[in-house]
C-alpha cells in the first residue's frame with residue numbers, strides 16, 4: 001500500500017513534548033501526556049492519518065490480507081475517519097465513483113471518495129443507505145464501534161458486544177461472497193451465539209489484537225474471513 005504524502009506535525013507541538021496543564025486532573029494530564037507521546041499518534045500525524053487507529057487496520061491487513069482486492073467497503077463507527085482513509089485508497093474510490101461508505105453519529109469531516117452518514121447505525125434506515133452509497137454488495141464490512149464506557153467492565157462489554165452482533169448480522173445480509181467482516185470487541189468473552197453465527201457463515205473466524213492496540217487496553221478485534229454466501233442459514237438484523 002502506498003503511504004500518503006507526509007503531512008507534517010499539524011499540532012505545532014514538538015514530538016515527545018511534556019504536557020503542562022495545571023488545571024487538568026492528574027488522570028487527565030497523564031492520559032494527555034501518554035497520548036501526545038504515543039509513537040502511533042506521532043506516526044499518524046506524520047503520515048497524514050486522522051487517528052492512530054489506522055495502524056490497527058494496517059497491521060491486521062498485513063497478516064490477514066482483508067483489504068486486497070476489495071472493491072467496496074463499509075466502515076461502521078468511522079469517526080474521525082482513518083479507516084475510511086485507507087479504504088478509499090485501496091478501493092480507488094473517487095468523488096465520481098464512490099466505493100466507500102462511512103457511518104457515525106459523531107460529525108466527521110469530509111473525505112474524498114467517501115460517502116459519510118452522520119447517523120446512528122441502529123437507525124432502521126442506516127443499513128440500506130450504506131449499501132446504496134457504495135452501489136452494491138461490499139467486499140469488507142469493518143466496525144470500530146464501541147459503546148460509551150460507564151466504568152463498569154461487564155456493562156461496557158455487553159453494550160459493545162451488542163453493537164458487534166448487530167454489525168455481524170448486517171455483514172451477513174450485505175457482504176459479497178468471499179467478503180470479510182472485522183469488528184471491535186472487548187476482552188471478556190465473545191458470546192457463543194455470535195461465534196457460532198460467524199463460523200456458520202464464514203470460512204475462518206479469529207480474534208486478533210494488533211500491536212497498535214495499547215497493551216493495557218481490553219480492546220480486541222473479531223475477524224471473520226471468506227463469507228460463504230447467503231444460501232447458508234443465518235440470522236437477521238435486530239436493533
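Even glycines carry a Cβ here, placed using N, Cα and C.
The model shown is predicted, which means the values in this text are computed figures rather than measured ones.
Residues near residue 144 (S-adenosyl-L-methionine binding site) in space but far in sequence (CB under 8 A, at least 6 apart, same chain), listed by position: 53, 75, 76, 77, 78, 83, 184. Per Swiss-Prot, the feature S-adenosyl-L-methionine binding site maps to 81, 83, 104, 120, 144; the stated evidence is sequence analysis.
Annotation source Swiss-Prot lists active site, proton acceptor at 184. Counting every protein chain shown, the number of other Cβ atoms lying within 10 Å of the Cβ of residue 184 (active site, proton acceptor) is 22.
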All chains considered, the count of other Cβ atoms within 10 Å of the Cβ of residue 81 (S-adenosyl-L-methionine binding site) is 24
Which Cβ among the binding-site residues (104, 120) has the fewest C-beta neighbours inside 10 Å? 120
May I ask you to report the DSSP-based helix, strand or coil state of residue 120 (S-adenosyl-L-methionine binding site)? coil
